[in-house]
Amino acid sequence: LQAMSDNDSDNEEDWLALRPQEPSPSQCCGSGCKPCIFDVYEKELAQWERAKAMQDKSLLMGKKEQSNNSELNPDTFTAFSVSSVEQLTEDTYQYKFELPGNSSLRLSLGQHIVLRGVVNGLEIQRAYTPISPRNAEGYFEVLIKCYEAGLMSQYIKTWKRGDVVFWRGPFGGFPYQPNKHGELLMLASGTGLAPMIPILHSITEDEEDETFVTLVGCFPTFDKIYLKPLLQDLARYWNIRIFYVLSQETSLEKLPWSYQENTYTGRLNEDLMKTIVNSCRRKPFVLICGSSAFNEDMSRYLKAAGIEENSWFVF
């Protein structure tokens, strides 16, 4: 009898070792992903409880925490290899990841993917939006701002070519349809530019799409504007205008002359919003992406400028 109870306790310990670990709140990226990391945990826990009740560990074999088949998946993390690292500003980097063969991520416009990092034994997850064109083959690119004290940033800053990192997704996105809106007004703060880029690519690559676009990029200084060459290329299209709002610049004199006429100094405030909305060629539908404080401010200014709440979308 004694031997049997020892076996039972060993068995109990075996099952406890297999029990999925509940995520900590810091592991959630907070972007409203479906499934969220907590949804994945609930699903795995139910699977574990069923297997334990039936004393059948083979029922756990379907449990995959990560996969190496290089197919992006919302439920499991997939390994992707870093193929290049480019520093854009003092704290912002563009990372390129390999996709096998000529495959493509096939994301909907503005969709984000979730990165998993492990720092000091703590697992964290954050959401980022690929900036590469949707039909890019064999690679995808992500724009990431690294923060001095950020845990995920400490992990990201160690990346070099050939490193393998884990992503899952895609999630979210904006259901863009060509010519559905007369004009898109894009309000982007910093890396909030990321979800706008694939939509801009989509519009410029489709000769049938005659949507006007006004992009307003908010940055601290001229040096901190990301992707200048790409934005300059986009601004050459007949239907795309780009304005910059530089909160820490006091004068436009030091800027290259090509930027002076479409750049404002100071913050994007209620008055400037009214000016920009009134300058739109058609009634705009607005896309907003930035910090939660930026998103709240923009929503308030848009209301003051006469734009109804059903006429904007926040990433």
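Backbone N, Cα and C define each Cβ position, glycine as well.
TrEMBL annotations:
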| type | residues | note |
| --- | --- | --- |
| DOMAIN | 75-177 | domain 'FAD-binding FR-type' |
| BINDING | Arg126, Tyr128, Leu143, Lys145, Met152, Ser153 | FAD binding site |
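What surrounds the FAD site, by Cβ distance within 8 Å of the Cβ centroid and not counting Arg126, Tyr128, Leu143, Lys145, Met152, Ser153, is the set Leu115, Ile144, Cys146, Gly150, Ile156, Thr191 from the same chain. The Cβ of Met152 (FAD binding site) has 20 other Cβ atoms within 10 Å, all protein chains considered.
Among the residues the record lists as binding FAD, namely Arg126, Tyr128, Leu143, Lys145, Met152, Ser153, the two farthest apart have Cα atoms separated by 14 Å. Comparing Cβ neighbour counts within 10 Å across the binding-site residues Arg126, Lys145, the minimum falls on Lys145. Here the Cβ of Ser153 (FAD binding site) has 18 other Cβ atoms within 10 Å, regardless of which shown protein chain they belong to. In this model, the domain 'FAD-binding FR-type' (75-177) carries an average pLDDT of 88. Helix, strand and coil residue tallies for the domain 'FAD-binding FR-type' (75-177), in that order: 6 helix, 51 strand, 46 coil [DSSP].
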